[in-house]
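As recorded in TrEMBL, the features of this protein are as follows:
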TRANSMEM  B:12-31  transmembrane segment
TRANSMEM  B:51-75  transmembrane segment
TRANSMEM  B:96-115  transmembrane segment
TRANSMEM  B:135-159  transmembrane segment
TRANSMEM  B:190-214  transmembrane segment
TRANSMEM  B:226-249  transmembrane segment
TRANSMEM  B:256-277  transmembrane segment
Amino acid sequence: MLTIDKLNFSYGDLKVLWDINLEVHEGEIVTVVGANGAGKSTTLKNISRLVKPTSGSITFQGEDMEKLESHQVVERGIVQVPEGRKIFPEMTVLENLRMGSYIKSARKAREANVERVFGMFPRLKEREKQLGGTMSGGEQQMLAIARGLMTNPKLLLMDEPSLGLSPLFVKIIFEIIQEINRQGVTILLVEQNVFQSLKIAHRAYVLETGRVVLTGEGNDLLSNEHVKKAFLGM
Amino acid sequence: MTIFLQSLISGILIGGVYALIGIGLTIIFGVMRVINFAHGDLLMVGMYGTFYLFTLFNIDPFISIVITMPLMFLYGGFLQKVFINRILGALPQNQILLTIGMGLIMSNGIMLAFTSDYKILSTDYSSSSFDILGISISTPLLISFAITAGITVVLYWFLLKTDTGQAIRATAQDREAAQLMGINVKRMSIIAFGLGASLAGTAGALISPTYYIFPQVGSTFTLKAFVITVLGGMGSIVGATLGGILIGVAESIGGVYFGSGWKEVVVFVLFLLVLLFKPSGLMGKSNT
């Protein structure tokens, strides 16, 4: 579905990604784990074309994304739930959701999708008139995910959805990710919570200082010695 | 008391037009983080358009805004697409140079074409007024205020209720997140600058029956727009609306009680006082 081939990227003189190869198949949960600064978020930014690769190619459903602008990537069906939620702070919950279905193909299903995400996140329905900026971190994360689902994505990119959340919310968020996947959405998940994300992922990539150092099935990596030592403190 | 009410009402009426100027500037700033130093010059272009529509085709200034508004929108959109979209990520000083340069080209271009002579657009109601309870109300100011109020209401509706309007607000609140929603932020910038130019041009049209028209008239209004926007809080449309009215009232009351030479002083003292106690402006967010 998504193929990243020899992706290189630099912020000015600072090279952040080195020959990244990554593959996501339809229906999977694929996770990219690694420490802070390993290049996980930068990889997602390259896919969403918020930044442009220095070299290498990204192909989605057979189409080279080289020439696409960010908004066209969304129209192709790749939606990112960004790090730090990035809720529109001065818009209500409902308005935030409406923005999620801004693209033409999602507008027709807007009302149905609002009902659907309210079903998944009853707490958002209770707060539909509240301003996004006044909600708690966990609620904002729910809103960010719900907003992403409003676009009817084929591939959902999630950047650190559990960051800064209480253990209870972390548990809820990971359950939701699995639920979304069961509904047929392919997921590329970037996480620092290595244990949780390896547990739910079909396949995983381990990133260290901008390079893919390990790849395999989620469960296999959980028992991998290097992963245990580097990330799980065992 | 009558004098006070008189100056208060005159201030509110002219403040409506100021609000229109300020709202335009604040929308542009909100969406692009670019301060448009050509704002007053866009207003000036609107004034000249109105003047020539009146003298050549005898179209009433208040009716000609149906022509000026869309034309200024297209003109603003063109400026955004061709010039400003290129400097969105640039250093602030470069952005300032560009918008100041655009303003200079506009005012000097107009001077070249129409000389620097002062022009007066004189309608048969230009100096007419009527009395209510002993307060005299200028007819052209009242009409322009009514039009301003109408435009403001439509604009609020557009920004709050339509998809495009919400997308403009979303872009202003978080440009990157807007892109991730599939919003074409370059297009939103074009619409925003078009709106700003259109509002400035309309304000120019509305004041043309009561102001002198000359190529450099814009600079006063650029400064005024800037004061209104900062006073209201950069990027806040409600703030610009309030700021415009407030500046209009301060000018009017200052002019009546301290003499017209002092009205600017009153405006700037008020401006500094507000900033002293609320540095982010009336409606501004303190952390941005």
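Backbone N, Cα and C define each Cβ position, glycine as well.
From a predicted model like this one, the values you see are computed outputs, not experimental measurements.
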Interface present between the transmembrane segment (B:190-214) and the transmembrane segment (B:12-31) (three or more C-beta pairs under 8 A): yes
Tertiary contacts of the transmembrane segment (B:96-115), as residues 6+ beyond its ends and Cβ separation under 8 Å: 34-42, 44-45, 48, 79, 83-84, 87, 215-216, 218-219, 222
Residues from the same chain, set at least six apart from the ends of the transmembrane segment (B:190-214), whose C-beta lies under 8 A from its own: 17-18, 20-21, 23-25, 27-28, 30-32, 36, 39-40, 42-51, 54, 61-62, 64-65, 68-77, 79-81, 84-85, 116-123, 125-126, 138, 140-141, 144, 147-148, 151, 155, 164, 168, 171, 221, 225
